[in-house]
């Protein structure tokens, strides 16, 4: 075998009408999971002579979900272009030479079923989805056409090779239609005859109907259906045959000129080895077709069991077919075939490529109908790799699809000489290990705890051990037998025993001679040999030194224990790792330096690899165990957990490691140097193996369903990626498909424990066991296959009863029509629907009492002793010291004894939860105990408060004071909002809450954080909140308790935010309190807030915010506007008092001004009978001399900020919307009233137009007479509403997000001031106010005032 890189790719996707394609010149591609793999076929593959001429050359990566369709451009000069469709809703066009996306569109709103690149139009790609929508996309013009022909699920479609406008579409219910896309999808023919899913459509490669000698009068039960068109005038249909394959087990040939079927081919039931097929049993079937271009009288189809048939169409009455590879045993597919595509190589060979459920891609020679070569593939994670030490070059691969592959990497005739073993497996293969000396003996372990032995040289089923692990088998290893197996004579026991380590933490010793016998738990021997009484650690890894004298056990707590045969005496404990140990490997013994055989490399859930030299410890054989805490070498560089390590058999001290960071790294361990880094995988690496023959060759497997053979000398990188590169790899991994909920109930999926995702990768579990999304579990016995397939990916079985146009609901009105040549807009996909609760994989809940539960799984003898101790404790009047000691040791019996023992058990369990990083379980236990105060205090000190705990806070009335009396104040940055929640709940709880809250205030101010919100004094802040709390609990206060509570909440948040110097949040919290009071009409509260927090204005806050780009600037402007709004009214009232005195704003001369309070805006705004009399005429003595001070002029000039035109425009649109909605509501009420009158009285009825005319009249009776407008019709109201909404949509979010005082109200106040006191208001400000009032007072609220002040 030539030493070049190789790829064992993922399996082609199942149940897709077109998921593979090929172009002349020898380029073949197939969709696998979320990507497309490219294969070069023919002389261009560059393979060595004598080997099959094909090579996997690359991958198209970009989709985020399963690829549902793939097609090449078959136009000369465009062979480098291809198109893909995916469940992510996109269609992408690729350049295979650069492996990049040329363009893409997301026009479909539903799952895309299929697509095809037109063989007649160079830039036309046609795609269809499961709701019956077809999109035609012209690449060069960037145009698209939306067609909706039938409300049915599309299964396949094919563009005509003879006419550029014809497309044949096959549906789930068996209907086939031929449409003309140039006539908006007009149906030329509707072909009825099939009664089940259409899997494939093939046009005859030659036009005309002379190529087949079909008797036109041949009986056919299909009537001629013309769909109302003259068939003779249909474009391009004169003389054209069409073949369709259906799940109903028939192939039908249709005459497009006649619009009817002319031939029916019934699939034969072929006898296969192992018996025939029962015709009465409906077998799984996918019927795909290929009509050879150079043999129009021949038609190739798939059959029931994976066979391929070549039909002879020249003699229709004979139904003659030829079986592919009839002379060669085992060359056919073993399961159904999904896709057939022709390929013409550079040397003009006519080949046919097929993809199948058996996970093989086969290439057929159309001249001989023999299989040329087979490309195997993987349908699951590559969990384990193992090279045979006897049959050099045999690589065993454990895969998550329930099969073991054995790859003969030394084969000269076939680069992919792979045998599959599936019998008796029935689960993910997670561990493999070859027998060191027995040829062909392979041990395997599975996800469901099974351990077995395969003889790879025979076809016999495997031997299965009668003892199962309770969880996933992590590791297998061959080693010398230990007692009791080793106690027999030489001829009575095997020389090597099989050891397995499972996810429950147990290592079992299996007798390979008697797998039916019970396996032995080596923990018993370890306890006895080392006099251990305490609980042994949970084992996660086992590895034997090559000489069989030393065994290493890796544990869940990160320790590694070294045992010596024959009795497994513990000689050493390595305390280096701090997380679960995933892999241990001993250096080989045939190096140039014998002492290197004592090197042991290990990797864990940490990203560091440690190498230890155990020569001294092993040779000294210490009496008591030695503890090692320092490594011999440390290999740092990976950024995620280590899953596998392997020593090079060709070098001294050279190691390769596989990691979750997506790379494999080669190290020189003696120098602690990284040598090269492989980054070819798109997922997390799970296993790695060094070739036993080639020093430069390494194999690696990952959760991307791939096994790569790569060469160290060809790698561009020397160390794992760091920083941005590592992030890119993570994004690359995350681009792999997400699990999708299925409509059918799936079997329960097991979740191993080790390696988190090996152990519990939900994606793979969903994919491997969900046939429509990924490739499905491939156990050929077929228990998974017994279910009827959902095609494709759970298509809706029901057909819409009404011909509803399937267009995006969220799009514009124009999208409801058929749009032609509209520019393509990349639409956002609808957010993914949440999975139904029953379909979401639920993680097993973590045990609340894990220590006690683990003690319940001990031996029967120990459990019996527990019962005796418990009985003695329960029935003895006085407990002696022995019983008390036994109870103390058996703390888990606390549930059954006294309260003190129960509390001690809870304390021990809670301490364990804290140490393991599960504080929520600790809190739960403490609450069971009733120690609420202890829970709150511990959580506060550790920074682990949760919303649930805070919600319980009022039950322990010391909660708030406890926080602020401790140093917890320093951590307010992340949790102050929770203190706030506690304060609010506490305040609602009882009257004592007021006192509790007021005791917090001194602690708040003791923090001495600079830059306060200018609260004048501690007493004033406490006073305002205290006042509000009194109002809350005083039902006669006139204020809403809910309003006051929310305002307290906002003000407190503002204070805490400024203490953390979080000025953005402080401004927003203060604004919320102000707006609440403004919206509720509580002007008094608003002014109280400003008086307490912003007595001198907002200028200092602006300095705190600093940068004008701050996100809080719009909120600050709104806060400043409300401050000025309050000042505006204070300014007006200071002028309007009956006896105004001189102030900082006003200076009086001779006499006083008399302005009645009734003339304020509220009174002015009341509705008078005549607008002319509504203008106030205050009595102003002529002697009055009123002038503004400098401060008054300054404050009056600041009111310009209230005259914001953009806010006036926005508020006008909002008033318009509200007015229209009110009018519509009144129309509805009047209509309902009239209908009620009709049903109860016999008098004359009013028509709807009369009611519509009556509505404005009735609503305006309280208005002035001149406001009696003509009645508005419903279309006019709708138009006004639409226009207002469109205007509002154009405003920036910064304007719409934060409230602003009513601009027109401010204009009226200023104009009133100007009308009463002309010397106070400048001409410029008065003119600006009049312009705003004139422009934006077109609603009923302000129309009358516009006439008053603007005419």
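Each Cβ is built from the backbone N, Cα and C atoms, and glycine gets one as well.
Annotated range for region 'Disordered' in TrEMBL, selecting from 1157-1186, 1187-1216, 1277-1306: 1157-1186.
Residues 579, 582-588, 590-593, 596, 599, 601-611, 674-679, 681-690, 692, 695, 698, 700, 702, 710, 712, 719-722, 726, 729-730, 732-733, 755-758 of the same chain lie 6 or more positions beyond the ends of the repeat 'WD' (635-668) yet place their CB under 8 Å from a CB of it. Each residue in the domain 'Gem-associated protein 5 second beta-propeller' (389-701) has a pLDDT score, and their mean in this model is 93.
For the domain 'Gem-associated protein 5 first beta-propeller' (80-218), the number of residues in each DSSP class (helix H, G, I; strand E, B; coil) is 3 helix, 70 strand, 66 coil.
Taking DSSP states H, G and I as helix and E and B as strand, the repeat 'WD' (635-668) has 0 helix, 18 strand, 16 coil.
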